[in-house]
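Listed in TrEMBL for this protein:
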- 1-121: domain 'Reverse transcriptase' (DOMAIN)
- 33-119: repeat 'Solcar' (REPEAT)
- 129-230: repeat 'Solcar' (REPEAT)
- 237-330: repeat 'Solcar' (REPEAT)
Amino acid sequence: MGSPQGSTLTTNMVGLVDGSSARAEVSFIDSLPVYVKELIAGGAAGAFAKTTIAPLERIKILLQTRTDGFQSLGVYQSLRKVLKHEGVMGFYKGNGASVIRIIPYAALHFMTYEQYRGWMLDNYSFLGSGPVVDLLAGSASGGTAVLCTYPLDLARAKLAYQVGDTRSKFGSGMKSLYPRPAYSGVTDVLTRVYRDGGIRGLYRGVGPTLAGILPYAGLKFYIYEEIKTRVPEEHRKSIVMNLSCGALAGLLGQTFTYPLDVVRRQMQVGTLQCSTIQGDARYGNTYEGLTSIVRNQGWRQLFAGLSINYIKIVPSVAVGFAAYDMMKVSLRIPPRQKLQAEPSG
């Protein structure tokens with residue numbers, strides 16, 4: 001009576017010990033299409049990187065948009081002011097929208113980069129397999145990801161722009177120096193913006209965003225891949241090396257495109273800026289925004305928050321690229337050379 005059951009139990013135990021369940025897991029992971037693995041790897045990398053630099057991103061937006069009370073402050077003073085009036089959670093205001101946006105954005109960004117790159121190599125061999133392909137594929141993937149997730153970026157900017165004194169409600173009961181926030185959350189932003197301006201309202205500022213992301217995304221991937229080719233083969237899988245390559249790529253790429261990011265932010269929060277900015281922030285297009293900022297706010301405003309952007313872009317891009325490469329290994333995504341040698345599908 002006990003013998004067959006004991007035999008079955010013994011067989012099951014042997015199966016667990018020799019890794020049968022592990023093989024089942026392996027077969028599931030390996031059965032996923034490569035593009036699905038790339039989506040998962042990109043989304044995870046983006047979320048991890050964005051959460052790392054959320055406090056610096058909040059301060060950068062406040063400096064870019066010349067929020068009342070922050071015009072003449074530096075990074076450190078701004079951090080102290082947010083902490084004083086809003087507490088630690090103030091550093092993460094708008095971060096919910098940021099993470100919700102960054103997961104699909106980064107997933108699409110990395111996945112479409114790999115897909116565009118493979119497509120170009122298959123169909124446009126005259127481009128070669130070097131930096132030109134990385135530049136074009138990076139630009140195209142950046143534009144694709146922006147168009148698919150821009151409304152969430154708009155919501156994040158509007159939420160981060162608001163400054164409310166959440167601590168004054170307790171204790172003394174004194175009236176806050178800051179107005180009550182206009183929006184209560186991501187859904188509220190999207191609903192009200194769509195009601196007031198329709199689809200065009202949800203994509204306000206997308207022009208300078210695309211103008212900035214196309215060269216930035218292209219340069220970022222180009223510089224990262226180019227630097228990695230100059231790293232000895234035995235060091236290419238090093239986390240420190242990937243972090244260093246990613247940091248340099250983000251630093252150089254961001255420097256050339258930062259003024260367009262400032263125009264984008266001011267266009268996004270234009271309806272919230274009553275009297276806190278000299279001149280009307282409701283620009284008709286990117287060029288008008290650039291010229292108007294220089295004329296009314298000075299050319300230095302085009303680089304407002306750049307120092308904090310340097311501080312945040314180094315860990316952000318570095319962690320993003322390093323996490324993506326690690327996720328590719330974990331999900332057993334074949335190397336590009338092997339993928340290119342295999343037929344599509």
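Each Cβ is built from the backbone N, Cα and C atoms, and glycine gets one as well.
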Per-state residue totals over the repeat 'Solcar' (237-330) - DSSP helix, strand, coil: 75 helix, 0 strand, 19 coil
The repeat 'Solcar' (129-230): DSSP-derived helix, strand, coil residue counts: 72 helix, 0 strand, 30 coil
Three-state composition of the repeat 'Solcar' (33-119), taking helix and strand from DSSP: 72 helix, 0 strand, 15 coil
